[in-house]
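For reference, the structure discussed in these notes is given below.
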Amino acid sequence: AYMSGFGNEFASEDSRCPGSLPEGQNNTQVCPYGLYAEQLSGSAFTCPRSTNKRSWLYRILPSVRHKPFTPMSCGDLTENWNEVEPDPNQLRWKPFNIPKSSEKKVDFISGLHTVCGAGDSKSRNGIAIHMYTCNTSMIDKCFQNADGDFLIVPQQGEILITTEFGKMMVEPNEICVIQQGMRFSVDVFRETRGYILEVFGAHFELPDLGPIWANGLANPRDFQTPVAWYEDRTVATGYTIVNKYQGKLFSCQQDFSPFNVVAWHGNYTPYKYNLENFMVINCVAFDHADPSIFTVLTAKSTHDVLNNAVSNRHSCLSHPSAWL
């Protein structure tokens, strides 16, 4: 189940625990059901109200109750663009091979491959483009990106994404955004492949419509945010949390599922969008309009004219200029 809207002030509680969302307060002295209140911030708390991003989560156990993080192999994931020599020639990649499950079990994390990018997470400016190829679900394991937002585009095979906010089923021709700091796990049902656009230092937003005025392109009502869902599950063998931090991967262990948020409210959430709902604006007489008329979401850079735009036909990356 989902709630409709983009950037709304959402509120949701699992129906198994009625009244778990505190009324009139964020951080009560004693939360209903003995829950722990945590705030997840997507911006500095000093930001103006119009750009302030945060959600309050009410969970069974605190998210900080885990063992220390230790470095782990990054595999084919990187943001060190100096690893290869610059090449000004046009390049094209064949589709990434998906390992056969009968030969090797590969989940979402181990199946991440960086293709290209610019900037880095330390400077909070730039992007990275990844592919994922996987054939097995993440078992007692979740991923958290402390560097930026993931925009995930399934190309082959649907994925079931479990987040601290609830569950999302994302199929080809749909996109989803997992924002910075949110923990999530990916279940797959067959050999699966897709794209990821990672942005550093900015969040995706709807583009201004200009002379289109009120209606067109991606309408806010068509974006979907999951409703609250939780599991109160002890994992005696250990639950693994993988954290991407400053371009490196780290892991830690805890003995319970992190998806123990019974209720939450706020405007900083994961969400998905079906591209079939995109209202296309096109040239009808002659000439070729700029591809920005197909923009679904945009992530603004520090320069107004250099934005990362996610298009319904292709991704327009204006910094650096590139077409996918």
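Every residue, even glycine, has its Cβ placed from backbone N, Cα and C.
What TrEMBL annotates here:
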type     : residues : note
ACT_SITE : H288     : active site, proton acceptor
DOMAIN   : 1-275    : domain 'Homogentisate 1,2-dioxygenase N-terminal'
DOMAIN   : 277-305  : domain 'Homogentisate 1,2-dioxygenase C-terminal'
- Neighbourhood of the residue listed as 'active site, proton acceptor', C-beta criterion under 8 angstroms, separation at least six: none
- DSSP says what for the domain 'Homogentisate 1,2-dioxygenase C-terminal' (277-305): how many helix, strand, coil residues? 5 helix, 6 strand, 18 coil
